[in-house]
Amino acid sequence: MNLDSITIEPRLRGHWEAVDVGFKLAQRWYWPLFLLWAIPLLVIALPATLVLQHGLIWAYLLIWWFKPLYDRAPLFFASRALFGAPPSVLEALKQSRSLFTFDALAALTWRRFSFTRSYDLPITVLEHLKSNTRAHRLKVLHHRGSGVATATSFICVVLESCLALGGLVLIQILLPQQSDVNLLNGIISDSEAMLWLEHTCYLIAIAVIGPFYVCAGFMLYINRRVELEAWDVEIQFRTLAGQLEQKATTTVQPASNSSQDGTPSGSPDNLSGSSSSKSSGSPGNTAMLVMASLLSGFLLSAPQPSLANTGTVEPVTPRIVNTPEQAQQQIQEIFNSETFNQQQTVTRWRFKNQADERDSNWWDRFVEWLEDLFDFNVDQPEFNKDGANIAALVVEILLWCLAIGVVSWVVYRYRKQIQHWLNRRQPTDKKPAAELPTVMFGLDVATDSLPNDVQAEVSEQIEQHNYRAALSLLYRATLTQLMQHKGLKFSNSTTENECVALVKSSQNETTWRYTQQLTLAWQSLAYGHKTPQPDHIAQLNSHYKEVFGP
C-alpha cells in the first residue's frame, strides 16, 4: 500500500462524508464494480432459480443468503482503484477463488446477520485476519463508525426494496390502459409470471445497489484507518522530506506540480471526471438516472388518460376470456361437483376426552390470530386463499430465520462458557512464542535480535552519537518486553498508537506512561525526522530498568 498514490485527499472526515465519498467512488468505477457484483450473483442465482423454479421463495432465500460473498470482488477492485491501480474485471475475477473461500463459512453462518458487514469486510478480504486477531481489530475499529455502518445497511435495504417495487410500477405505467393486468394487486398472488417478474426485479435491484453499499463501507474503513494511523500527517512528512532533499541537491527550484498545492487529482471533487461535461455522461451518473427514473414510478402509479384519443376502443372480436365473476362462478361449480366432494368414513381408536387435532396445532391457531389481528377473511371472494398461504409461509420463514439467528448469536456470545462446560481446554491469555510477531511496523522485535544488556548497548550508542540506533533499540526492547513478560497481544497489523492503547487498558499506570513517552519520541524521529535530545534518550533508558526490571 503506497500512500503517495492514493486518489483522494487523505484527511479525517465525518462518517457521513466518508459514506458520500464511497458513493462517489462507486459512481466513478460503477460498471466494473457492477460486473464484479453481478457475475457472482448470476453464478448463484441461475442454478438456484432453475433448480427451485417451482419454489422461488427458496431461491430468494438462497440468493439473499450468499450476498456477503458477492461483495468481495468489488471490494478488491475498489481497494486497488483507490490507490491508482484499478485492475481489469478479468484480473479481479482471477482472484475470486481466494476471495470467496477465505473465511467463507463464518461469513455465511454466525456473521451473516451482521449489520456492519460492509464496514468489517476489509478486515477479512484485505487484511486477511481471522478469529481472535480479527475480533481484536474489530474492537478497535468499532470505537467509531459502527453506528453509521448499521444505518447505511438499513438505507441500502430500503433502496433495494424501493427500486424493485419501482420497477414493477414502471412496467405497470408502460402497459396499455385497455389491459386488465394490475401488477400492484398481483404482488402477493401465486401467478407464475408475476413471481418471475418479481424475481427479476429483485435481482436487478440488489445488483444496482450492491456496489454503492460495498464502497460506502470501504470508505468508512479507510476513514477510520486515517484516524488511527494519521495518514495525512505521514504524507505531509514525506512531502516535506522530499522538498528538503530537493533543496539540498539543487540550487534552482523547478516549477512544482499543480497537484501538490491544490486538491489532489483523485480527491472526491475529481473522482467523477475533470469537468462537469465529462462527468455528466459517466456510467455512475447513468446508473443514478436509472435509479431515479424507477423510483419516480411511485409518483406516477395512477393511470393517466390518453392524450391522443379519449374515446373507448371497442374490440373487433368478442372476448374469449371470461370475466373474473364468471370464472369464479365456474370454479365454484367445479368445487361443488361430485368429483371434489367425495366423502369417506374412517374409524380409528383414540383416547377419551382428547381435544381436536386442530386445537393442538399451534400454527393454525397462530394463523387464525393473524387473521383476527389484520381483519381479513380468507373466505371472502376478493381475498385469494393461495395468497394467504404464501403470506403464512413468508412469516414462517422469517420466524425460523430469527430463531436461527438468535441461537447462533447465543452460541457465539457464550462460546467460551460452552467450552468450559464441555471440559475443553481454555485458550490461554498468553500466546506461544511462535505466534508472537517478529516484525512490527518495520522493526525487528524478535527476542534473539536484542543484546543481553539493552541499557548498556543504548548508552554506548548515545556516546557514539547514534541516537536513532539507540532509540530504535530501546523501542524494540520495550515492545518485546510488553509481549513476553506483560502478556500483551500484539499483531503484525498493530500500529504504534494501538500499542499504547493496549498498554493503557492493562491498568498499569507506570508502564503506560513510559510506553507513551517512548512512542512519542520514536514517532517524532521516524516520521518527523526530529532527533530527540540525548538527555531525553538517556532518561528513557534509565527508566527502562524501573519499568521492566533487570
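Here the Cβ of each residue, glycine as well, is placed from N, Cα and C on the backbone.
Copied over from TrEMBL, here are the features:
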- 248-263: compositional bias 'Polar residues' (COMPBIAS)
- 264-283: compositional bias 'Low complexity' (COMPBIAS)
- 474-542: domain 'Protein-glutamine gamma-glutamyltransferase-like C-terminal' (DOMAIN)
- 248-283: region 'Disordered' (REGION)
- 34-66: transmembrane segment (TRANSMEM)
- 147-175: transmembrane segment (TRANSMEM)
- 202-222: transmembrane segment (TRANSMEM)
- 390-412: transmembrane segment (TRANSMEM)
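DSSP labels the residues of the domain 'Protein-glutamine gamma-glutamyltransferase-like C-terminal' (474-542) in these numbers: 48 helix, 0 strand, 21 coil.
Long-range contacts of the transmembrane segment (202-222) within the same chain: residues 15, 18-19, 21-23, 25-26, 30, 33-34, 37-38, 41, 45, 60, 63, 67, 70-71, 74-75, 78-79, 82, 116-123, 141, 145, 148-149, 152-153, 156, 159-161, 163-164, 167, 287, 290-291, each at least 6 residues beyond the stretch ends and with a Cβ under 8 Å from a Cβ of the stretch. Beyond its flanks by at least six residues, the transmembrane segment (34-66) meets 73-74, 76-77, 89, 92-93, 96, 100, 108, 112, 195-196, 199, 202-203, 206-208, 210-211, 214, 287, 390, 393-394, 397 of its own chain at Cβ-Cβ distances under 8 Å.
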